[in-house]
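Student: One structure, as structure tokens, below. Some questions next.
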């Protein structure tokens, strides 16, 4: 057991270090696959030895059991909002008021992150509770969801007791990925990253929150008793040293002119950031001066938030263009008369779905208001009705697919229209583009334009055809010289060696992402083994939900898919997992790797002693009987678990049979 404990401690240290490098320093020293491998190893050990699982284990990052509601908790100190400034005049008045009160002053300027304010409590250096701002006096306990954010340390270097506050946010890249996924699934996308972050942190199921890839910037310490800082800048530096993520774009300035210069700089540069900001926060830097100035009932007197003006422009909606994704979702896009918004020229904007078009009564030919939602995606806010042409008509989505002509359907519970024709050209092309992408088969040089040419020239119809391409097929294509063709054929040949998880992701199975592809590949090791899997078996696996289990089984049972896999195999495309399996604790073959449930009263030992002994033999001891349970050991007065085992046909041992097995070792 001492060896297991040491390994758990080592895994904690490694995973925390790698997480800090990736999510806080943005400078990873190992690939994602190495982190995932170690995390899977720790998950397996904790399942066999739950006594070694702690609240600060890196495994809590993946989420836990769903909650029924969030508990309301009073803040130890109210989370006040900041007063607002909207222009230079407001800022100069603020500065004058400060100087009239305390004389000479130095300011700390910080980016105002557009997210959800949170408060994190640490006791003896461990993260124990996280709350939303709520009404400022009472917030909601979202601790389990906050534990899934890798930028929040679960344990810090020093055994300190304090509360740190900050802003949880969704990076732009995560937001775009999430909305693409929602649209592919026919769901209503989020309007902006702030809404997405807030919605993610209010998920009752922390496993869903974990998938949303949130981050956090910390900006203040509520109780500095155990800190040495005398200024805001020093407090942030101490947080840096403790392993917290603070925003590094902050700047200390000596007067209001420095504040105005900082605002001017970030007004023009904010589009270059990987996250949204909606303004600048200006604070008196000296903490003793902050204390001297104090607070009003609503906000601190020593700080103010400058809000960026919302940039909206008017342009003309020329047309509505439809695109079909690889899952058949039909997405309308506004084609606009080009116009500058927030420093960039905009000629297209997403309209998401027909419901949104009707809700906002947007029509072709309208003069429309455009804004850049969260600095990312241009959004059509509304039509200007008094400029509407007399001949305008209410827009209706087509009843048939614009690519293949198949009838469009709206699946119950979805807002999107979907083409369900498996032979739809637009879907097939999008599927081919997905198959060759970096996270799938990673075929360098096989871009969108070449795929379109190959498809239009009937050289490829499915993903397997890629591996049947020859030099004479490629040379006649536009901009394809001999050297380029040779490199492409080499890349195609190299891709055949990709591990099974890349192939699974590349096939485009609905709901199957990168992470779940890795889980399935590692667990089942070969495509042949996956063909045998059942829906009930998949549901038992962590990270695999009901929808995904059904989707995978339905996909793999399809005879056309079986033929496609065979076609790939005939060209020696790898069908096996090539990664390193997570380590297993060796034990007796009668028990090692088996899922065992103990029920009823044992006479020769306690159930806890039996459980510990089984784990030492490599068994996984669980509390509930499922179809994947291998053995149920039943003592006296065994109840519903025994009945369930009989129903499933699970192997049942009496205590005597169990003792006999023990004695035989």
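Cβ coordinates are placed from backbone N, Cα and C, and glycine is handled just like the others.
Quick paste from Swiss-Prot:
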BINDING   32, 33, 34, 35, 36, 81, 82, 110, 133, 167, 283, 307  NAD(+) binding site
ACT_SITE  112  active site, N6-AMP-lysine intermediate
BINDING   401, 404, 419, 424  Zn(2+) binding site
DOMAIN    586-665  domain 'BRCT'
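How buried are the listed features, and what sits near them?
Tutor: Taking Cβ-Cβ distances under 8 Å and a sequence separation of 6 or more, the neighbours of residue 283 (NAD(+) binding site) in its chain are 107, 108, 110, 232, 290, 302, 303.
Sequence-distant neighbours of residue 112 (active site, N6-AMP-lysine intermediate) (same chain, 6+ apart, CB under 8 A from its CB) are 277, 278, 279, 280, 281, 305, 306, 307. For the recorded site, residue 112 (active site, N6-AMP-lysine intermediate), the DSSP three-state label reads strand.
Long-range C-beta contacts of residue 404 (Zn(2+) binding site), restricted to its own chain and to partners at least six residues apart, with a cutoff below 8 Å, comprise 419, 421, 423, 424, 425, 426.
In the predicted structure, the domain 'BRCT' (586-665) carries a mean pLDDT of 78.
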Student: Using the Cβ center of 401, 404, 419, 424 as the Zn(2+) site position, which other residues in that chain lie within 8 Å, going by their Cβ?
Tutor: 324, 328, 400, 402, 403, 405, 406, 408, 421, 425, 426, 427
Student: Can you tell me the CA-to-CA distance separating residue 133 (NAD(+) binding site) and residue 401 (Zn(2+) binding site), as a whole number of Å?
Tutor: 46
Student: Within 10 Å of the Cβ of residue 401 (Zn(2+) binding site), how many other Cβ atoms can be counted across all chains shown?
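Tutor: By my count, 23.
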Student: Going by a 10 angstroms cut-off between Cβ atoms, which of the binding-site residues 34, 36 has the sparsest surroundings?
Tutor: 34
Student: If I take the alpha carbons of residue 82 (NAD(+) binding site) and residue 401 (Zn(2+) binding site), what is the distance between them in whole Å?
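Tutor: So the Cα of residue 401 (Zn(2+) binding site) lies 51 Å away from that of residue 82 (NAD(+) binding site).
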Student: Go ahead and report the DSSP secondary structure tallies for the domain 'BRCT' (586-665): helix first, then strand, then coil.
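Tutor: Split by secondary structure, the domain 'BRCT' (586-665) comes out as 28 helix, 18 strand, 34 coil.
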